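Shown next, in structure tokens, is the structure this report addresses.
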Amino acid sequence: MSFRRGVVRQSKFRHVFAQAWKAEHCIDDVRVSRVTWDSPLCAVNPKFIAVIIEAGGGGAFLVVPISKSGRIDQSCPTVCGHAAPVLDIQWSPHDDNVIASASEDCTVKVWQIPDGGLTSPMTDATVTLEGHSKRVGLLAWHPTAFNILLTAGCDNVICVWNVGTGELVYQLDDAHPDLIYNVSWNKDGSAICTVCKDKALRVIDPRRGAVLKVREKVHDGTRPMRAVFLSDGKILTTGFSRMSERQLALWDTKDLSEPMVIQEMDTSNGVLLPFYDPDTNMVYLCGKGDCTIRYFEVTDESPYVHFLSLYSSKEPQRGAGFQSKRGVDVNKCEIARFYKLHERKVEPISMTVPRKSDLFQGDLYPDTASLEPALLADEWIAGQDAPPLLVSLSGGYTAPPSKHRDTLRSKPKLVSQDSGTGAVPPSAGNVAAPTSTPTSAAKETEEETPQPTAATRETDGNGDRPKREDDVLSELLAEMKALRAVVLAQNQRIELLERQLARIEDGDV
């Protein structure tokens with residue numbers, strides 16, 4: 001008689017272990033918000049930790065440097081410019097000093113946090129975005145285009161903003177019949193996926209306002225769901241079964257008729273918040289009210305979603321912040337870091353791969369998304385797409401000075417939703433056509449088209465011959481080409497809206 005040994009799946013992440021930091025490295029006396037909204041309540045980047053906190057008579061969130069530990073004094077300054085509780089906060093992926101906040105006061109505000117943190121309460125936002133008629137609960141920065149921010153509110157409307165100008169560039173009114181639970185961009189920002197109270201998963205092109213794919217009843221339960229785009233284009237969802245069991249499912253966007261895999265986990269009632277790491281293709285599931293964080297690896301081999309392990313503690317979590325890969329400690333083989341929110345404490349938790357070597361582990365740290373955007377806002381609006389620009393983490397990561405650092409204008413003139421073509425209703429059969437378009441942006445673009453006659457010249461020490469004339473000229477020509485593309489795209493949109501208006505006036509609709 002012979003016995004064949006079972007084949008163990010090979011993975012460098014099989015032995016990832018989680019460890020909470022010591023008490024002296026935690027942040028204490030943080031009055032974490034008790035708002036009844038299923039958001040993480042925390043946002044983290046390599047510079048700062050931001051936590052939504054309890055505030056009397058309005059909404060506020062705390063921002064402290066990432067190195068902060070110990071007790072937070074009650075007099076510690078906060079960002080407190082909202083008139084009602086804050087529901088969501090998100091750091092810009094392209095500027096570690098810029099954070100957006102969404103509130104029950106129906107506004108979204110964008111703040112510029114000074115290096116070193118706040119020295120006094122911050123009440124005046126750099127930009128205020130007003131376009132929702134009900135409270136705003138979801139924020140999602142574009143992963144590759146600079147200053148593009150998506151917001152979703154309890155009015156079932158999705159808005160896409162150019163934060164640099166304060167303009168509403170796209171609005172999707174008709175794509176969702178009920179409350180939107182979650183929005184996630186794909187890798188290059190060409191599409192979003194959403195889950196809604198009607199239990200449907202949708203894949204949407206926000207620029208065309210077109211619903212590309214719909215899958216009804218992704219999860220049968222009535223509790224809230226979540227969805228996140230993976231780097232290969234698949235979508236991972238969390239939700240509940242008809243018997244209130246928590247589920248995890250993986251979907252191929254080419255065929256949403258059946259899930260690639262669906263796993264049932266337990267019968268807890270906390271919403272599972274998925275945190276995805278595109279570099280390792282790992283997913284961390286953090287349930288609000290849970291004492292555990294589960295982590296999985298997504299691969300191309302069945303069963304596709306492989307359970308790795310879980311971190312368990314005695315205290316339940318109110319929320320969690322997920323550090324970007326630029327902020328982890330590569331010298332300790334740390335591949336992820338959470339900031340777990342207790343009732344009055346923030347506790348860091350490191351996910352580490354044990355390695356004996358002290359050398360840089362290149363297999364654990366492929367090149368990751370950098371601070372530099374791949375596109376400017378106008379380029380994305382004109383129809384361009386691009387994957388993230390990558391940077392190596394070898395030897396520890398230091399952020400380069402951003403070429404676009406000062407592009408976030410202070411106090412921009414906001415475009416009213418009732419002006420221009422924003423009041424033109426979509427034509428029948430045109431699913432979720434955007435009702436606000438960047439026509440004014442196109443006019444500004446025409447007026448601001450640069451002229452090559454004013455090219456800057458640099459001379460060397462031997463004479464007056466231009467040193468970089470060809471480079472300057474090529475940059476000007478490239479910028480003019482991009483601006484013409486924006487103008488062309490907006491002219492086409494204006495013509496489409498004019499045809500729709502003519503049909504309405506003729507009684508054809």
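Cβ atoms here come from the backbone N, Cα and C positions, even for glycine.
Whatever TrEMBL says is automated annotation, not expert-curated.
Straight from TrEMBL, the features:
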- 5-70: domain 'DUF1899' (DOMAIN)
- 79-121: repeat 'WD' (REPEAT)
- 129-171: repeat 'WD' (REPEAT)
- 393-472: region 'Disordered' (REGION)
- 432-442: compositional bias 'Low complexity' (COMPBIAS)
- 457-471: compositional bias 'Basic and acidic residues' (COMPBIAS)
- 480-507: coiled coil (COILED)
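Confidence in the domain 'DUF1899' (5-70), given as mean pLDDT, stands at 90. With DSSP states grouped into helix (H, G, I), strand (E, B) and coil, the repeat 'WD' (129-171) comes out at 0 helix, 25 strand, 18 coil. In terms of DSSP helix, strand and coil, the repeat 'WD' (79-121) has 0 helix, 22 strand, 21 coil. Here the domain 'DUF1899' (5-70) is broken down by DSSP into helix, strand and coil counts: 3 helix, 24 strand, 39 coil.
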